[in-house]
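Look at Swiss-Prot and you will find CYS447 tagged as active site, phosphocysteine intermediate, backed by sequence analysis. Taken from Swiss-Prot, the feature active site, tele-phosphohistidine intermediate covers HIS603, and the record attributes it to sequence analysis. Summarising the annotation, Swiss-Prot assigns domain 'PTS EIIA type-1' to 551-655. Under the heading transmembrane segment, Swiss-Prot lists 16-36, 73-93, 126-146, 170-190, 199-219, 273-293, 303-323, 328-348, 355-375, 383-403.
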Amino acid sequence: MRKKLFGQLQRIGKALMLPVAILPAAGLLLAIGTAMQGESLQHYLPFIQNGGVQTVAKLMTGAGGIIFDNLPMIFALGVAIGLAGGDGVAAIAAFVGYIIMNKTMGDFLQVTPKNIGDPASGYASILGIPTLQTGVFGGIIIGALAAWCYNKFYNINLPSYLGFFAGKRFVPIMMATTSFILAFPMALIWPTIQSGLNAFSTGLLDSNTGVAVFLFGFIKRLLIPFGLHHIFHAPFWFEFGSWKNAAGEIIHGDQRIFIEQIREGAHLTAGKFMQGEFPVMMFGLPAAALAIYHTAKPENKKVVAGLMGSAALTSFLTGITEPLEFSFLFVAPLLFFIHAVLDGLSFLTLYLLDLHLGYTFSGGFIDYFLLGILPNKTQWWLVIPVGLVYAVIYYFVFRFLIVKLKYKTPGREDKQSQAATASATELPYAVLEAMGGKANIKHLDACITRLRVEVNDKSKVDVPGLKDLGASGVLEVGNNMQAIFGPKSDQIKHEMQQIMNGQVVENPTTMEDDKDETVVVAEDKSATSELSHIVHAPLTGEVTPLSEVPDQVFSEKMMGDGIAIKPSQGEVRAPFNGKVQMIFPTKHAIGLVSDSGLELLIHIGLDTVKLNGEGFTLHVEEGQEVKQGDLLINFDLDYIRNHAKSDITPIIVTQGNITNLDFKQGEHGNISFGDQLFEAK
């Protein structure tokens with residue numbers, strides 16, 4: 001139960017990042033527009049006092065401000081999409097649910113425009129609807145409910161006479177019903193919840209603000225490895241605390257108050273739960289990266305310089321710290337704990353210095369410049385001496401502990417032991433043993449990319465052993481293990497099943513052939529690494545980076561590098577001259593090898609293995625030679641969209657030695673059959 005809850009919290013935390021991602025763009029418009037209207041910038045740049053420039057500045061301020069004014073709705077849409085695997089139907093359902101809930105609450109409580117005029121009432125006008133103000137929490141609740149409706153009903157079957165409403169079309173219908181029902185308990189209990197939140201936040205800030213900001217920074221940093229920090233900071237940024245703007249509206253949340261004060265040019269009082277990250281992200285962590293570089297072995301310093309240099313620059317400019325933090329988190333947990341303590345102390349230090357800095361994305365230089373230096377509303381320059389002190393502390397603490405405790409930070413690792421080897425015949429036995437043996441297997445399954453095993457006791461699974469056997473990654477979700485063996489996953493599963501049933505695995509790829517093939521493949525790989533391979537688009541549609549595919553195996557490139565296409569037509573065509581290497585039994589995936597030796601996997605949709613071949617028509621067979629543009633597979637696009645998690649189609653280079661992909665038309669935009677997709681080297 002606890003593991004399941006933890007997994008759900010991780011998903012919610014990740015989903016919150018989608019609506020948060022729009023805030024930097026809104027903040028950029030608002031910050032520049034506000035700065036152009038301020039006396040400070042006009043003093044240095046008199047030409048911006050021109051009437052036309054000021055009109056543009058006001059438009060920019062309004063365009064940025066409207067995003068912050070409608071954050072609850074944006075959170076509803078974003079959380080719904082995030083928890084539903086990226087499907088837009090969930091967003092439509094969330095919008096339907098959001099307006100129905102607010103309209104029903106307003107009518108039930110008899111809220112009128114006159115009621116809204118009283119700030120103490122807790123009422124507000126949302127999208128023109130007089131209703132109860134539930135804030136960002138209300139949006140998150142609706143988003144989660146819409147995602148639940150989607151995941152529950154997206155593939156529902158109805159009688160033939162109601163067939164039009166089956167599948168994904170049923171989701172907004174259910175959402176309309178559930179949000180109408182939800183409105184009544186929300187109308188009755190939310191005022192009490194809101195009063196409790198206000199009392200808690202007021203007491204927290206009034207009792208001992210210094211302790212509060214220290215604990216906030218410390219706990220938020222400790223939660224990063226678990227992906228729960230987005231859940232933790234959301235109430236502080238969007239709900240806790242209150243401030244009345246010039247129009248008499250009550251604004252809640254440290255970040256929202258800060259942005260509103262910047263927009264109005266008011267005296268700054270917010271930023272306590274954001275500003276502590278500037279010294280750490282701009283100075284402390286880059287200094288830690290320098291310490292890691294200086295303690296690396298001489299023969300590894302060139303590689304570490306590239307790794308740490310890019311991570312440090314990312315932290316300084318944008319405030320994205322995970323690439324740097326995860327480089328030492330697991331090998332040196334004490335360093336991460338000290339890092340969390342220093343983060344909390346940074347919040348406390350800036351609070352004691354009476355600074356008021358905020359951001360829309362993170363504590364990097366970009367936000368520091370736009371929302372600190374340009375508005376010039378607080379003593380922003382004090383961050384620099386504090387940051388320099390932090391740089392010295394981080395550098396010497398990290399360097400001393402890395403050397404003293406012999407931490408294996410990047411560049412200090414021992415030479416890797418030789419990976420375990422197993423022939424094709426031995427591999428299923430070895431994988432079964434690594435999974436804890438037959439008695440530990442509760443359920444065995446596979447798809448085109450991974451071996452899916454539900455085990456009785458996760459502690460018996462040898463994760464490093466699975467990686468030594470060729471798994472490019474191992475995912476753990478409760479007692480469910482997913483070992484990424486690529487296209488051979490289904491074969492391994494089939495042979496493991498035979499072993500468990502007491503059958504003999506007969507010559508899956510004969511021993512002699514396997515040895516010969518290994519030599520040939522090794523030679524091919526060394527040769528192909530020097531070649532250039534042109535891959536043309538096998539589908540027509542919209543190009544999407546792998547990082548945006550809502551499946552961890554593809555987004556984290558466990559199968560290999562590549563790109564994805566969201567198809568607009570139900571055809572897959574050969575992307576080059578070559579041969580069909582493998583077709584998955586359920587027809588949803590095909591493996592190809594080009595005449596130049598490039599191995600490519602085309603995986604139509606996500607979780608389409610569950611369709612058992614329905615909606616797919618093959619036009620080729622394994623071993624068949626194909627020419628570029630030959631029709632490989634037809635698929636029913638509407639059926640996949642209605643019955644699968646997503647129609648997005650990853651296109652993966654499965655050779656680990658080919659890592660340089662040049663996307664000729666970029667990783668976004670539309671593409672058609674035959675257009676050059678990328679060049680692989």
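Glycine is treated like the rest: Cβ placed from N, Cα and C.
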Contact call for the transmembrane segment (73-93) and the transmembrane segment (328-348): at least 3 Cβ pairs under 8 Å, seq gap 6+: no
Residue numbers, six or more beyond the limits of the transmembrane segment (273-293), whose CB comes under 8 Å of its CB atoms: 213, 216-217, 233, 236-237, 254-255, 258, 301, 304-305, 308-309, 311-313, 315-316, 319, 321, 324-325, 327-328, 335, 339, 342-344, 346-351, 355-359, 362-365, 368, 372, 383, 386-388, 390-396, 398-399, 402, 409-411
Segment proximity, the transmembrane segment (16-36) to the transmembrane segment (355-375), 3 or more C-beta pairs under 8 Å: yes
Cβ neighbour count within 10 Å of the residue listed as 'active site, tele-phosphohistidine intermediate': 28
Across the domain 'PTS EIIA type-1' (551-655), average pLDDT on the 0 to 100 scale: 88
Folded-back contacts onto the transmembrane segment (170-190), same chain, C-beta under 8 angstroms, at least six residues removed: 89-90, 92-94, 96-98, 100-102, 104-105, 108-109, 132, 134, 138, 141-142, 145-146, 149-150, 152-154, 156, 158
